[in-house]
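Asker: Got a structure for you, written out below as structure tokens; questions coming shortly.
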Amino acid sequence: MTDAFEDEAEQTMTIGEYIEGVEAEELKADLVLGGDEGKDCTYSKGYMKRQAIFSCLTCVPDGNAGICTACSLSCHDGHEVVELWTKRRFKCDCGNSKFGVFVCKLWPNKDPENGENSYNQNFKGSYCTCGRPYPDPDSQEQTEMIQCCICEDWFHENHLGLDSLEQIPRDEEGEPLYDEFICQECAASCCFLKLYPISILASSKQKVAPIHADSGTVSSEKDGENAKKKEPDMEKDNACSRNQSSSSMCILGIDINSTSVVFEKKEPMFLSKIWRDLLCRCSTCWDYYTQKGIGYLIDKEDSLEEYEKMGKQKREEKLQQQEGAELNFLNTLNHVQKMEILNGISDMKNEFRSFLESVDTSKPITPDDVRGIFENLVKKKKQRLL
């Protein structure tokens, strides 16, 4: 019976815990938005390497248009807006020809269309191979989703094409050991990654078929020993690839344009923490990435890690500016004004403490209770000034 009452008891938290929670949510928002405060439309910045994008299904039910953070707040407030996390090389569509007579409030003079934008089913509010919305109103339990770094669609963990969820690289606490993920379909266009040492992957459970140098194709298991001798040395690769610019020296030692890869099984890829740094940047491989439309993989600013790092940096700068503004304000006050502020803070602290000690915890706090607190503060200030 005691356990039953404990379960029904309301959870409580200290003011410190509440502030920590608020700051954590603010940091999370800054990471998603890349530090964008949502004041200005990003259209003038062109096709940004990465930014937070939204889709307004009220204005464009077909889901073939995307809007920036500022437009989602200023132009589409109250609309059915789908949050798409981040998209690469995207230019804000708000108010262009796809929106009919609707005009963007922040940047009205836009081109009719942004031809280089890419749209997938996410813009319609659908995700994964199952095409379901997120959160799914028909599902009692929401399954965690992972974003593919190539197509940028999101996939439920149980729809990744794995035999078991245990194949997802995680540590003992369930935290991901991989940096990025490539879905089953996109893995085919990134088959060249199978030519690298297996340590480019976050899990050793994913097999890399050996390379047969004579035929220029990936061979079967029987040629494994010969291929291992020709596999690049990982230590040398790490040092070389991080500093390698476009040159004639290839880390792989083969022409990936003429080397085909045969998959034993169609499966997704989980990439290690520094996998992008390990990619060859010789002129041949560079041309290959460009032809396949995946040149962004060797652009450091394309990764979510760099995007979130930018968000953290902007957040720190914003907090420093706020602290500086507060300090500058205090420096403009004389001694009497500073003491008045300190006394006001002290009165508020004491009033809240007194209220919390006297309040009936079995009853909810009403607007009248809050008004009573501030009325008492006003009375104390008047008494102090008399």
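Cβ from N, Cα, C; glycine included.
Sharing the record's features from TrEMBL:
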type	residues	note
ZN_FING	39-109	zinc finger
DOMAIN	39-109	domain 'UBR-type'
REGION	212-243	region 'Disordered'
COMPBIAS	220-239	compositional bias 'Basic and acidic residues'
Asker: Which residue counts does DSSP give the domain 'UBR-type' (39-109) for helix, strand and coil?
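Answerer: Grouping H, G, I as helix and E, B as strand yields 12 helix, 16 strand, 43 coil.
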Asker: For the domain 'UBR-type' (39-109), provide the mean pLDDT of the predicted model.
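Answerer: Mean pLDDT for the domain 'UBR-type' (39-109): 96.
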